[in-house]
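Asks: When I checked TrEMBL for this same protein, it listed these features:
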type	residues	note
REPEAT	62-104	repeat 'WD'
DOMAIN	199-307	domain 'Translation initiation factor beta propellor-like'
REPEAT	278-319	repeat 'WD'
REPEAT	321-362	repeat 'WD'
DOMAIN	354-440	domain 'Sof1-like protein'
Amino acid sequence: MKVKMLSRNPDNYVRETKFDLQRVPRNYDPALHPFEVPREYVRALNATKLERVFAKPFLASLDGHRDGVNCLAKHPKNLATVLSGACDGEVRIWNLTQRKCIRTIQAHEGFVRGICTRFCGTSFFTVGDDKTVKQWKMDGPGYGEEEEPLHTILGKTVYTGIDHHWKEAVFATCGQQVDIWDEQRTNPICSMTWGFDSISSVKFNPIETFLLGSCASDRNIVLYDMRQATPLKKVILNMRTNTICWNPMEAFIFTAANEDYNLYTFDMRALDTPVMVHMDHVSAVLDVDYSPTGKEFVSASFDKSVRIFPVDKSRSREVYHTKRMQHVICVKWTSDSKYIMCGSDEMNIRLWKANASEKLGVLTSREKAAKDYNQKLKEKFQHHPHIKRIARHRHLPKSIYSQIQEQRIMKEARRRKEVNRIKHSKPGSVPVVSEKKKHIVAVVK
């Protein structure tokens, strides 16, 4: 019977006397460099520093509106076409490649509250403070023709939001209730309500297209099923939700932008606990939109900044701001996942890069290889303290920076108070509530 065993010659590693130098095993393979990891670390450090040096996300400002930009919409088929609605009732259609306005419509009297495109891209819908829903052709009027809507529906109340079905000729509006409309009819197919407050936003699910969600000013997020024409369930939060956005890759995940400075990602199958609480803004979050990949979303806030969050992280990876930008009211992520647009109340639409340091234009094969190599190095050393500090550092406006410090002190005081209350109470009498469950009041089915 053979027994395989390791055998070592002591002469290779044992010193003859204690005054001899320790023998170090050497690998003479020329392919393996003895300082490979330190070299890679230096390269990763340089790549991280260069990424911050080249981080210039701001691309262009589309100006032309005479009042604050209240809503944005993307063209479903054409990447370069974007629609915007303003507070003076004006709708503009922009060409992003030329960075100019190609058409202007005086659509409503008062605010344009919502705008959405038809799934085929041939027309778009607007709602306004004048209690009307209007359908417009995407192409401008012919020579000598007047700018007239295709259809106008006069409602009984003010509509605060609109969204179109992803596959059928159906759209939904919200105001005092959620109404589902057929494009060919002037009366809603069905109306759904749960509670007595005004509904601020309604959104169709892009995958399970018969599902839609809405948020109301009585702090509710309500889910509806169009097939049953009834509300399914609702979750009540501590403060009001301004809008929601469905994940385009996972049918049951949606993110809510809340007044308490946070965003909440929910799984609609278990609404009692959010999947993730995203905390970085220092004022009310007004809008949210997902990237087409479903891995990230962008949020617009009253604190005059735009932030990009990974879906599975509670902190933002990027924050965009300019000196002139005021309260950001609406935000959209373009369909090619490369750019972000935001509309603010100082009448401008701004275009940003989704990756701040990304080089635009055609890359050579060597540039692509270097970019991929640097990316892998940054991933490999991302948890090293020095590299982590450089990658995370962002310059913030003084107002945001001071509010972050103030909120940190307040949060620490609340935590200390809670710890003291538990410490000086009878064991088990004060329940420990997790951060995720703190903000949920109730779930009603």
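Cβ coordinates are placed from backbone N, Cα and C, and glycine is handled just like the others.
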Asks: List the helix, strand and coil residue totals of the repeat 'WD' (62-104) as derived from DSSP.
Replies: 0 helix, 25 strand, 18 coil
Asks: By Cβ distance under 8 Å, which residues at least 6 away from the ends of the repeat 'WD' (62-104) in the same chain are close to it?
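Replies: For the repeat 'WD' (62-104), the list is 110-121, 124, 126, 128-130, 136, 138, 140, 329-332, 334-336, 339, 341, 343-351.
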Asks: When DSSP states are grouped into helix, strand and coil, how many residues of the repeat 'WD' (278-319) land in each?
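Replies: Helix (H, G, I), strand (E, B), coil: 0 helix, 21 strand, 21 coil.
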Asks: Provide the three-state DSSP residue tally for the domain 'Sof1-like protein' (354-440): helix first, then strand, then coil.
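Replies: So the domain 'Sof1-like protein' (354-440) is made up of 54 helix, 1 strand, 32 coil.
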